[in-house]
Amino acid sequence: MVDLVQSKPAAATEPKRSLTSRFSHLALPVFLILLIVISGLVSPAFLSGSNISNMLLQVAPLGIVVIGQAYVIILRGLDLSVSSVMATSAVIATSFSGQNGDVLPILLVAVGIGVATGIVNGLLVTKRSVSPFLATLATMIVLQGFRFAYTQGAPSGNVPPLFRAIGSATWNGIPYNILVLIVLAVVFGLLLARSRFGREVYITGGNPTTARLLGINADRVTIIGYVISGAMAAIAGLVLSGYVGIVDNWVGRGFELDSIVAAVMGGISLSGGRGGIVGGLLGAAVLVVVFNAVLLFGLPVQLQIIIKGVVIVVAAAFYVRRSR
Amino acid sequence: MLKLTGISKGFAGVQALSGINFDVRAGEIHALVGENGAGKSTTIKIIAGALQPDAGEIAFDGKVVSWSGPADAKAAGIHVIYQEFVLFPHLTVAENIFLGHERRGRFGLIDHDRTRRDAADLLQRLGVAIDPDKIVSELTVADQQMVEISKALVHKVKLLILDEPTAVISGREADLLFARLAALKAEGVAIVYVSHRLEEIFQIADRVTVFKDGAHVATTDIGDVNRERLISLMVGRDLKDIFPPKRGTGGGKVTLKAENVSVAGRVRNASLELRAGEITALAGMVGAGRTEFAMAIFGGLPASSGTVWIDGEQVGMLSPAQSIRRGMGFVTEDRKGQGLAMLLDVAANVTAADLDAVTRRGVIDRRRENQIAREEIEKYRIACRGPSTPVATMSGGNQQKVIVARWARTSRKVLVLDEPTRGVDVGAKTEIYRIMRQLADDGIALLMISSELPEVVGMADRVVVMREGVVSGELAGAAINEAAIMRLATQHPSAAGSHP
C-alpha cells in the first residue's frame with residue numbers, strides 16, 4: 001500500500017542484548033540440575049529410584065495447579081482459591097460410592113465446581129474491578145464454607161480405586177499422575193504459546209488497555225484464564241486425593257502459595273504479560289526437589305519454610321534485575 | 001547567573017547533548033526552544049542536578065559547581081517546575097508548599113498554624129488568591145501550577161526553570177502566569193522558559209536559545225529574530241523539505257461523519273467529517289478534549305451521545321473491535337501505555353490488530369506472521385534485528401513505525417493518529433509524514449491530533465479546532481495558519497498573537 005523509495009534506508013542500529021540477558025532463561029534449568037547433582041552427592045539416597053519416583057509423584061499435583069496459575073498470573077492476576085477448589089474436589093471424589101463407575105460423574109462435578117469458581121473470580125476481577133487477591137480470597141473462603149457445611153466438618157468415604165491408582169501407583173517407577181501433568185502441560189502449554197487465544201492472553205496481560213483498543217475482548221480472555229485455573233485446580237485435587245488416599249477438609253492446603261512461588265520462580269512476572277508454562281513447571285520441580293532434599297538430609301521441616309521464603313526473595317531479585 | 005560550557009551527555013548509545021553552551025542572566029526570561037529530542041529536557045535535568053554531565057562545566061553565581069543530586073541544586077536556589085506537577089493531591093496547599101521543609105514547633109512536631117501562615121504569605125507574595133487549607137486535588141490546574149511556583153519561593157529561588165508551563169492551562173490563565181513571571185523577573189530571579197509555543201516566547205522572553213539534535217544552534221535577543229527564522233533554526237531545514245506536498249481539499253467523498261458526540265465531562269456535542277484522501281487535523285490546547293473525541297468515535301471511550309456514519313451508513317457508536325472490522329485504526333498518543341504490547345516482539349505487534357490474517361484454526365501461523373513483519377520492516381524501514389526483536393528495546397521513532405505499520409495494514413478507510421510524532425527525531429518524523437501522505441493518497445481518510453502547530457499547518461488539508469470540549473471552528477486550505485488556529489483554540493486575542 002505504501003511505497004517509500006525516495007529516501008535512504010535508516011541504519012539498523014540497536015544495542016545488542018547483553019550476554020546475561022540472552023542466557024538468563026537457562027538460569028533455572030541449570031539451577032535445577034545443580035540442585036539435583038549436589039543433593040545426589042550429599043545423599044546417595046536422593047537419586048535412588050524410589051525417591052525420584054516419589055518426587056515425580058509430588059510434582060504432578062503442584063505442576064497441574066501451576067499450569068492454571070500461570071494463565072492467571074500472566075493476565076496480571078493471581079488465584080488464591082486453588083487450594084479450596086482442590087479440597088472441594090477431593091471431598092467430591094469420596095462423596096459417591098467409591099467405585100470406579102463413579103469416576104466420570106466425580107470428574108464432571110469437580111471440574112464443574114472449578115469452572116464455576118473461575119467464572120466467579122473472573123467476573124469479580126473484570127466486571128467489578130475487585131483486586132484478584134481479594135476476589136480469589138473471597139471465593140476461597142466461601143467455597144470452604146460450603147465444603148464444611150456439606151461435610152459437617154468430618155468428610156468420609158472412599159476414593160475410587162482408579163483415582164488411587166492414578167494418584168499413587170507407578171509403572172516401572174514412573175507414576176501415572178505425572179502422565180496427567182504431561183498431557184495437560186502439552187495441551188495448555190501449546191494453547192498459551194501457539195494459539196490465537198494465547199496471544200490474546202499475553203497482549204491482555206501486558207496491558208489491558210492496549211488489548212481493548214486492539215479489539216480484543218480483554219474481560220472474556222481474563223475470565224477464561226480464571227476458568228482454566230479453576231479447572232486445573234479441580235483436576236489437581238482429584239489427583240492429590242488419589243495420592244493421599246483419605247480425604248479431609250484441607251487437602252491441597254498451601255498449594256495456592258506454592259503454585260504462585262513456582263510460577264514466579266519460573267519467570268512468570270506478577271506484573272503480567274511475561275513467562276510460560278515450561279518455566280512454571282521448572283519452578284514447581286525446584287520447589288519439590290528442595291523440600292525433598294531438606295527431608296532426606298534429616299534437616300528440620302521448619303527449614304523448608306525458611307528455604308521457601310529465601311527462594312522467593314532470590315527469584316524476585318533475579319527477575320527484577322532481568323526485566324530492567 | 002548560570003553558565004553551562006561544553007556540556008555533553010550520552011545515554012546508552014544515544015548522544016543526547018554534545019558540547020552545548022548556555023547561559024542565563026539574573027532578571028531575564030530566557031526561552032529555550034527546540035524540537036522533541038533536541039536536548040532541552042536533558043539540559044534542564046543537568047541544571048537541576050537530576051543528571052550528571054559526562055563532560056563540561058556548570059558555573060552558578062560565578063562559581064564552578066558540581067551537583068551530586070537535585071538537593072544540591074535546590075539548596076543553591078535552582079527550582080524546576082516540570083510538566084508533571086510534583087504535588088500530593090490529597091494534602092493541603094500549605095502542606096504541599098512546605099513538603100520536606102515543614103515548619104516545626106516544640107518537640108520537632110509540625111507547627112500547622114505556622115505552616116498555614118507562611119503559605120498564605122508566599123501565595124500573597126505571588127499575588128494569587130488560593131486558600132492554603134484547600135486540598136490540592138480540588139484546585140484547577142492553573143492554581144496547582146501556582147502552588148508549584150510557591151514551592152520555589154520557600155527557598156530563596158535564584159533560577160526558576162519552567163518546562164512547557166502553558167501546555168496544561170488556557171490562554172487567560174497563561175496571561176496570569178506571565179504576569180507572575182514578570183514580577184519574579186523584576187525581583188532579579190533568572191527564568192528559563194521551555195516552550196513549543198513561539199507566540200508566547202515572543203510575548204515574554206528577553207532572549208532565546210535554540211537547540212537541535214543535542215547541539216546549541218543559536219542564542220539571540222528576541223528582537224533579532226522572527227517566527228520563520230526561529231522555526232528554521234529549530235528544524236534545521238526549510239519547512240518544505242519536511243512536509244510532503246499537500247494534495248489540497250476538494251474531491252474526496254466523506255468517509256466518516258461523527259455528529260454530536262459527547263463524552264461525560266470532556267466533550268460536548270462535537271461533530272466532524274473526514275474525507276477520503278485528506279488529512280484532517282484535530283487541533284487545540286492540551287485538555288481541549290481532542291483525544292477523547294477521537295477515542296469516542298473509535299469506541300475506546302464510552303460516549304454519552306453521538307452517532308457515526310461510515311460511507312454514508314449510520315453505524316451508531318462502535319466498539320474498538322467493530323471499528324477495526326469496519327476499516328478504522330487508531331495510533332494512540334501514549335505508545336507505551338496504550339499502543340504497543342511492550343513485552344512482545346515486532347511481529348506480534350504488527351499483526352496485533354489483525355490476528356485473523358495469521359490465525360489458522362485457532363493457531364497462530366508464526367511463519368506467516370514473520371513474513372508479514374519482514375515486509376513491513378522493509379516497507380517502513382523499521383530499524384530492528386528482525387521480526388523477533390522485542391519492541392521494548394527499540395527507539396521511539398521505530399516503535400511508532402511499528403504501530404503505524406500495524407494500523408496501516410487494517411485501516412482501509414479511516415486512520416486516527418494521536419500526536420504521531422511525539423518523542424520522535426526529525427528523520428523519523430519526516431518519514432512518518434511521508435507515510436501519512438502516502439496513506440491519504442491511497443484513499444484513506446486520516447485524522448491527525450497534534451499539539452504542534454507547525455505540524456498541523458504543514459500537514460493538514462483541513463483543520464478542526466477544539467476548545468474546552470467543543471468544536472470551536474474549522475479551517476481549510478489556504479485559511480490554515482497558526483494564528484487562526486490559536487485564535488479558535490483559545491478565543492483569546494493576546495494568545496493568538498500579532499507578532500511577526
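Positions of Cβ are set from backbone N, Cα and C atoms, glycine also.
The model shown is predicted, which means the values in this text are computed figures rather than measured ones.
Within the chain, the transmembrane segment (A:26-46) has long-range Cβ neighbours (under 8 A, six or more residues past its boundaries) at 265-267, 279, 282-283, 285-286, 289-290, 292-293, 296-297, 318. The transmembrane segment feature in TrEMBL is assigned to A:26-46 (among others).
Taken from TrEMBL, the feature transmembrane segment covers A:52-73 (among others).
The transmembrane segment feature in TrEMBL is assigned to A:103-126 (among others). Sequence-distant contacts of the transmembrane segment (A:103-126) (same chain, six or more residues past either end, CB-CB distance under 8 Å): 77, 79, 81, 84-85, 88-89, 92-93, 95-96, 132, 135-136, 138-139, 143, 160, 162-163, 218-219, 222-235, 237-238.
Feature annotation from TrEMBL assigns transmembrane segment to A:133-153 (among others).
Marked as transmembrane segment by TrEMBL: A:173-193 (among others).
Positions annotated as transmembrane segment by TrEMBL: A:223-244 (among others). Here the transmembrane segment (A:223-244) has Cβ contacts under 8 Å with residues 57, 60-62, 64-65, 67-69, 71-72, 74-75, 77, 79, 81-83, 85-90, 93-94, 106-107, 110-111, 113-119, 121-123, 125-126, 159, 163-168, 177, 180, 184, 188, 197, 201, 251-252, 255 of the same chain, all six or more residues outside its ends.
Annotated transmembrane segment per TrEMBL: A:250-270 (among others), in sequence order.
Taken from TrEMBL, the feature transmembrane segment covers A:277-297 (among others). With a cut-off of 8 Å between Cβ atoms, the residues of this chain six or more beyond the transmembrane segment (A:277-297) that come close are 25, 28-29, 31-32, 35-36, 39, 42-43, 45-46, 51, 54-55, 58-59, 62-63, 66-67, 69-70, 181, 185, 188-189, 192-193, 258-259, 261-268, 303-304, 307-308, 311, 315.
Same-chain residues lying 6+ beyond the ends of the transmembrane segment (A:303-320) with a Cβ under 8 Å from its Cβ atoms: 27, 258, 261, 264-265, 267, 269, 283, 286-287, 290-291, 294-295. Summarising the annotation, TrEMBL assigns transmembrane segment to A:303-320 (among others).
Just going by CB pairs under 8 A, the stretch in A:52-73, A:133-153, A:173-193 that sits most against the transmembrane segment (A:250-270) is A:52-73.
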